[in-house]
Amino acid sequence: MNEFTTLGLDSRLIKQLEAQGIDTPTDIQRETIPVMLQGKDVIAQAQTGTGKTFAFLLPILEKIDTEAPEVQALIVTPTRELAIQITSELMKLVEERDDVNVLAVYGGQDVERQIKHLNKQVHIVVATPGRLLDHVRRETIDLSHTSYLVLDEADQMLHIGFLREVEDIINETPESRLTALFSATMSSDIKQLAKRFMRSPEKIRGKEKGKTVEEIEQFVIETTDRRKFGSLTETIDEVRPFLGIVFCRTKRRVSKLNGDLKAKGYLSDELHGDLSQSKRESVIKRFRDAKIQILVATDVAARGLDIEGVTHVFNYDIPQDTESYIHRIGRTGRAGGDGASYTFVAAKDQSFIQMIEKGIGKKLARKTVEGALPDGEERNDERRNDQRSRSSHSSRKTGSSNNRNRNSGRNRNKR
């Protein structure tokens, strides 16, 4: 028997789930769906990979009125990658229905094309904050009839500076709406947001589909800035990831590192905000299909990636806070598989790693990987060592000669 039937879902939804081979709800789905069907606000602490997307999509599809022409459900995400992913899952659930209209709204798309779609009947909008508010100001999206508001990966939205935008979006919706907030972590900002805009929410904590932070093997690789690339390649060669994600702080560093890895023969590609949408989707698909082994990415670009088979995460640039660290290493260990993370730390990074260890309540194991110097520098380093050696040898010879001269002088005086 399909266990979703016990949650009060329509037979059409059950049929679509079965078509995808899904008949057993995850913990977060089992707890969240009945609460949302009862019309209650929800705060769910759950990471990507726990099944949280269906936890809010299924009750929304169960409850929307397809006869009404207004936008009834709004799902807000921090990145367009996540918006695309959620929309893709949503389209699978409604592919046999012609009474539900869905629209993804995010930057990088043609605004006029979005407006053309919005002029038609749209029931569910999946959007990023900036582009959504652009449409609100143009009056091309009316949120005054929104019955369901989902803030997905709310902690990340606030972390990258969308607090004011999120507040503006909420204020465009009716106070009578149902609000569901999903977040991997519960910061003070998240709690304050919930206190201001939610009504007696049910609090749900999802169990991990993959590994918890405590279960993921975590290592600190002590290195230097000059030797970091060599330390990374030696670590990759040693642990041999099936799929690995390497995190860098900026788009420029992502491109530089990806180029260096390719030059060394690694199957790698890059993911960051400057890529066209078609290129980004192509990179993600190639990584998901294991056509590339290493994905070099920025934090924001990798948000929402739920790819089974990611065995290793490499923090080439150390995260600046505990929350980012948790999100990064959470990309690995999916579906109960093994997961490991390696954070490369130079002397200047010590304060950050100490802050992270304090935040997760765990001292991370240290490993030292010598790491070759960049091309050319190894030879320069050897030349410097040779010069120092010759200089030292010359000094010893000069000193020895001077000593002989002084001794000879003393002997002559004796004579």
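Cβ coordinates come from backbone N, Cα and C, glycine included.
Record features (TrEMBL):
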- 376-389: compositional bias 'Basic and acidic residues' (COMPBIAS)
- 397-406: compositional bias 'Low complexity' (COMPBIAS)
- 2-30: domain 'DEAD-box RNA helicase Q' (DOMAIN)
- 33-204: domain 'Helicase ATP-binding' (DOMAIN)
- 231-377: domain 'Helicase C-terminal' (DOMAIN)
- 2-30: motif 'Q motif' (MOTIF)
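Mean model confidence for the domain 'DEAD-box RNA helicase Q' (2-30) is a pLDDT of 88. Secondary structure of the motif 'Q motif' (2-30), assigned with DSSP and counted as helix (H, G, I), strand (E, B) and coil, comes to 18 helix, 0 strand, 11 coil.
When the domain 'Helicase C-terminal' (231-377) is classified with DSSP, helix, strand and coil residues number 60 helix, 29 strand, 58 coil.
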